[in-house]
């Protein structure tokens, strides 16, 4: 099943970026190092081996600041570490465009393995501001409901969608199915209900280009069993080594018990601490009698790891390099260039239209014929004859 980015580690919004890690660093060694004097406060460690860096999340700003003071310039396996605080900031500006939704997808859960290196370790941890809640007056409740039902649908909405691999995108082209991260589903469904067309503009991690764009052809169903009916049967089973692995880690002298999530096939590995809620859920799961439905495990896996599948119709798979979009900025993402986006970022409508038009403007140029090379070059009609230099 084609899918977007994998599950992220636990994040509270208080993270430490750690650089200059020695090659071959193991995530469990990192968690033991950064859990010193913070056994009850460390939440997760996300390792980016190819960049020799990591993100360490703590529960509070105070413990994160204390870790910064404690570990910057410290030694890890004989190497001096460089640490930086990364505080979460809300970069979603207020929008007054009539076609905008009050709470667009802000791509808040993307891991720091996207095409564009994050300027902040916790930019991906930002939660959108909650709108002011006004309790409706009882007499106006019916009017409010009717106005929502009668609200005119907008023509188009546009979202950037990220994939960790080109292979997932190619599979989606073949079967017309996609799954997004669970936190994106509500906003995409709202867009599907309020717009005539919802266009998803895809790019693969580290590709430096847009892969193409597609149109949402169905809502994301809350009925997981119905959603799975859309998914074509896979002829060959997924290799076991390609599936994410959850490896329990016992408590150590410095670190609490937790688990390593190893999705090496897709370039993701992190450690996260267990908490009381996890323990309660684990006990409840053990106490619950098993149900041999045949669909239970498959549904649970789809819901928890990748979200629910939905249908899309591919409009174009023409590759569009990021450099061709230079100067095109998204007002709904702090006026950043459109290439700077995370999974689920909504594009300002006019910018979205311009971006999808580029897929049709920059089609691959046909190969020019091979003209003979010699003393006289015969050019097509209309071209001036060029002098020959010996």
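Placement of Cβ uses the backbone N, Cα and C atoms for every residue, glycine included.
According to TrEMBL, the feature region 'Disordered' maps to residues 276-298, out of the candidate ranges 276-298, 299-321, 322-344. Between the stretches 89-148, 149-208, TrEMBL puts its region 'Disordered' entry on 89-148. Under DSSP, the residues of the domain 'RRM' (14-88) split into helix, strand and coil as follows: 22 helix, 29 strand, 24 coil.
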